[in-house]
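Undergrad: Structure in C-alpha cells, see below.
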Amino acid sequence: MKEAVERIARLWPSSGKVLVLTGAGISVPSGIPDFRSPGGLWSRYDPMRVATAEALANSPAEAWRFILDARDVMAAARPNAAHEALAELERAGLIEGIVTQNIDGLHQRAGSLNVVEFHGTMSGWRCNGCQAPKDATRAMEVTPETAPWLCERCGAVVRPDVVFFGEPIPLDALDKSGQLASGAELALIVGTSCEVAPANVLPQLVRQQGGRLAEINLAASRLAPLCDAAVAAGAEEALPLLARLLLDQ
Ligand SMILES: [Zn+2]
C-alpha cells in the first residue's frame, strides 16, 4: 500500500488545487453502513424504496422508520482518521475542497471547512410542505411512537435536509462542486464506487481539463481505469499515511 500512496503524493500539486470526492466508504469505519450494501442495519427495509420523495408523501410512517434509524446511526458516529487527515490537509492549504455524497456531517465535525454536501445533510430539518426550517434538537426527540413528525404550521411531514432517491441535487451544490472541479489540478476519489451520477462526473471533468486522477478505494471504482494512481486500501489507513507524506516533506 505504501508505494501506491507514495505515487499519489507525487501527483499532488503544490498549488493545493485538489478536489476530494468522498462516498460511503470513508464513513464505514465510523460505524455508518453503506446504504447500498445488503444486510446489516438497513436490512429491515430497502432505503432505496422508503427513502424516496413518494414514500415521504404517501407513506410518511414508513419513511420515518428509515429516518429514525438514519438519525440514530449518524448521531452515534464519530469522525475517523480519514476525515481527520483530510481536515489536516485542508488546513495546510493542500486541499481546495471536499465534495461528499455522505449525509453524516463527519467531514465538518473533523474540522473540514469547504465541504459541498451533494446529497444534503441529516443535521438540517424542514417541512416537506411549507418548507419551514425545523429545529434539529426537536428532531432528536421524535420516537417511534411519536413519528412521523408533522409540521405544526401546515400538517405536512417534516424531513431531514437530505436528497432522497429520485430528488434532484440542490443547485448550489452542483454550482459549488462544478467550480471546485473546474479549478482542480487533481481529483482524489475516496470510498466511492463512482456509480452514481452526477457526482461521478466531477473527476472526469477534472481529467478532461488536463488534471490528474487518483483513488483510495477498497474495491476499484468505475473510474479506476482513468486513474494515474490507485490505492487498494481503507481510507482510514491510506489517508493518514498520505497526509504524513505530504506534510512531513
Ligand atoms: Zn409546514
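Each residue, glycine too, has its Cβ placed from N, Cα and C.
According to TrEMBL, the record shows the following:
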- His119: active site, proton acceptor (ACT_SITE)
- Cys127, Cys130, Cys151, Cys154: Zn(2+) binding site (BINDING)
- 1-249: domain 'Deacetylase sirtuin-type' (DOMAIN)
Undergrad: Out of His119, Cys127, Cys154, which recorded positions have CB atoms lying under 6 Å from ligand 1?
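TA: Within range of ligand 1: Cys127, Cys154.
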Undergrad: Restricting to the domain 'Deacetylase sirtuin-type' (1-249), what is the model's mean pLDDT?
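TA: Residues in the domain 'Deacetylase sirtuin-type' (1-249) carry a mean pLDDT of 93 in this prediction.
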Undergrad: Cα distance, the residue listed as 'active site, proton acceptor' to Cys127 (Zn(2+) binding site), nearest Å?
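TA: Here the two Cα atoms lie 17 Å apart.
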Undergrad: Could you state the CA-to-CA distance between Cys154 (Zn(2+) binding site) and the residue listed as 'active site, proton acceptor' to the nearest Å?
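TA: Rounded to a whole number, the Cα-Cα distance is 26 Å.
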Undergrad: Quick one: give me the count of other CB atoms within 10 A of the CB of Cys154 (Zn(2+) binding site).
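TA: Other Cβ atoms found within 10 Å: 12.
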Undergrad: Please identify, from the binding-site residues Cys127, Cys130, Cys151, the residue with the sparsest Cβ neighbourhood, meaning fewest other Cβ atoms within 10 angstroms.
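TA: If we count Cβ atoms within 10 Å for the binding-site residues Cys127, Cys130, Cys151, the smallest count is at Cys130.
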Undergrad: Tell me, how many other CB atoms lie within 10 A of the CB of His119 (active site, proton acceptor), whichever protein chain they belong to?
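TA: Other Cβ atoms found within 10 Å: 21.
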Undergrad: For the C-alpha pair, I'd like the distance in angstrom between Cys130 (Zn(2+) binding site) and the residue listed as 'active site, proton acceptor', rounded off.
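TA: Roughly 21 Å, rounded to the nearest whole number.
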Undergrad: So around the Zn(2+) site, Cys127, Cys130, Cys151, Cys154 aside, which residues have their CB within 8 A of the centroid of those CB atoms?
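TA: In sequence order, the nearby non-listed residues are Asn128, Gly129, Gln131, Ala132, Glu152, Arg153, Gly155, Ala156, Val158.
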Undergrad: Tell me the Cα distance separating the residue listed as 'active site, proton acceptor' from Cys151 (Zn(2+) binding site), rounded to the nearest angstrom.
TA: 23
